[in-house]
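Per Swiss-Prot, the features are:
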- 70, 71, 72, 83, 87, 88, 89, 97: substrate binding site (BINDING)
């Protein structure tokens, strides 16, 4: 398991609410919580930037973190991430913030301490462009946007 440097910015985190943790031994993401000052209503179509009370520094340039939505919030309530996926670079050291967007038809209350997203560490492979005049041919070629499927 990798070590991840973290600073608690909201004293309720770790005291009143658990620190981010894996829900099961097979979980890929650590749950992030809404460290709001009070319960907040997210109206249909509204986007809100929500603090997690936690700053991290991954430090290892071969790793990054993704902030991903929680499937139940999106499927049952229409609450998804405003930026769809958040990318946290290894050299970022600020507070993790979650952009929540209510794409549903009903207002939704985000409770203080509610699990609103998940953080997943992923490997990073950096590349440099190698400029060429042409590519070796492939079965797919330049086909895209549904080219390989039936719909």
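Cβ atoms are placed via backbone N, Cα and C, with glycine included.
Shown on the structure are the features that Swiss-Prot records.
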residue : record                 : contacts (Cβ under 8 Å, 6+ apart)
70      : substrate binding site : 31, 115, 116, 117, 118
71      : substrate binding site : none
72      : substrate binding site : none
83      : substrate binding site : 99
87      : substrate binding site : 64, 65, 66, 67
88      : substrate binding site : 56, 58, 64, 65, 66, 67, 96, 119
89      : substrate binding site : 58, 64
97      : substrate binding site : 49, 50, 51, 52
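Secondary structure at residue 97 (substrate binding site), as computed by DSSP, is strand.
Residue annotation for substrate gives 70, 71, 72, 83, 87, 88, 89, 97. The furthest Cα pair among them is separated by 26 Å.
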